[in-house]
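In what follows, a structure is listed as structure tokens, so that the remarks can point back to it.
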Amino acid sequence: MATEANCPLLQTQAQACQSSLQLRDVLQDPARFERMALDAPHMLVDFSKNLVDDTALSGLLGLVERSGFAARRQEMLAGEVVNHTEQRPALHAVLRQRYVDKAGGDAAGQDAVCAGLHQMLALAQQLRASGQIQHVVHIGIGGSGLGPKLLLQALQPWCDGPQVRVVSNMDGHDLHQALQGLQPATTLFVVASKSWSTAETQRNLHSAQQWFAQQGGCNWPAHFVAITARTQAAYAAGFTQVLHMPEGIGGRFSVWSAVGLPVALAVGREVFEALLQGGAAMDAHFEQAPLQRNVPVWLGMLDVWYSSLMQVPARCVAPYHHGLRRLPAYLQQLEMESNGKCVREDGSPVHMPTTGMVWGEPGSNGQHAFFQWLHQGSQWVPVEFLAVRQPAHPFEEHHECLLANALAQAQALMQGAQAQPGQLPGHQDFPGNRPSTFILLDALTPQSLGALLAMYEHRVFVAGVLWGINSFDQWGVELGKTLATDLRQRMKDQNWAGLDASTAGLLSHCYQSA
Ligand code: F6P
């Protein structure tokens, strides 16, 4: 594991790269691109604009080898327990692999990991064929909402089924807006909650049921589908249509499972299966490609390089594709909930910075907002550009301009520039040497989207192994939930006794008569 004990050499290399590696000089060598642009299913990933040299790369690859990564990867892909604080496997890749391998076989639907997925796809097919559902309101938050939101936008050209609206927030504006113009008879509510106890989802479910009854809806169980690992709780709540998601599939890894129902309703079974195939193709790359050409391995080890060894606290994600505009939000949960931790699996401290903040906006919008900071700010962060070779729209000129802008931004960050005669020294200087990775998809398709998301999942796993972190639990979300339950009761009782001065002061201000 990437303990301080085995990192002094890498730390020295990181300091050397940061102080003396000049990207514009090393990129005079065409062989650098050939060595550092790696192929993976449906994409090419160019790492050549990163602040690493061959010595650093071999040091990092050595760290991966010494970390026990190969054995850990095998355990995860074999469905063994890898989430030790919850005694669970992490089954997202197992699910994809088994589904893709057995989709048409006799065993289809018999496998406990895949059963809910098979049921979900059959239900989606049946509902699409019936033509009775015009709108779907999907209720779910975190992993039960972010994945469907991203996929519905990314797969928009394939959406030919009912219109889907996703509701996550406990802020009533979210549900209120989603219900506008809907008729109970032609609306299906999908309620996704692995734990079946998430406050936002339960509140939205309750209000959706009230709305359904108030609007004259009949037979609510026919219009509500539950997706959960706690199937008994859903049945006990009166649901009759209940799809199972396995305990071993974490919320942020769950869009491949029955949680994908709103997506499958919108795009159909075949497109959803293509997504799974893309994910499975990336799983195979992750399992089989040598470390020197393995894209998730490079991404994960560079996360350690920048966060831990160069102490850079963030990464910017800039997707130059309208369909991927929610990708930064999706990655915030995937990466920050997985690796935003400072204890190792055994509970001991990590003693070095772990995953940084992930943030971003789609290009080219971001260029007119925070790119100033990326180019001339007093701190730098690595940037991850995403673009496609082939767009899904007919406006060729738009696409060329967009691609030119994405490439130019990466180039400008890398090469920098000095103010020319007649320009303003300082103000028109660009320091350059700011690193980036460029992910170039062939096109945004169900397959490439599946491969892209699986790539990010495996990257998180690689970095987690190097830090010695359990990437599959999320204890850090619990304290706030417990305190909110306590405050809710105090608000009912109007009792602020024993609270800290700030919380008590704010509460009493809320309840003062206006
Ligand atoms: O509170 C965090 C979290 O548990 C996430 O990990 C999860 O994706 C989200 O809440 C929603 O949880 P559930 O699917 O159980 O409603």
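Backbone N, Cα and C atoms are what each Cβ position is placed from, and that goes for glycine too.
The active site, proton donor annotation in TrEMBL covers GLU337. The feature active site is assigned by TrEMBL to HIS368, LYS481.
TrEMBL feature annotations superimposed on the structure.
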residue	record	Cβ contacts under 8 Å, 6 or more apart
GLU337	active site, proton donor	GLY142, ARG252, GLN474, GLY476, VAL477
HIS368	active site	none
LYS481	active site	ALA199
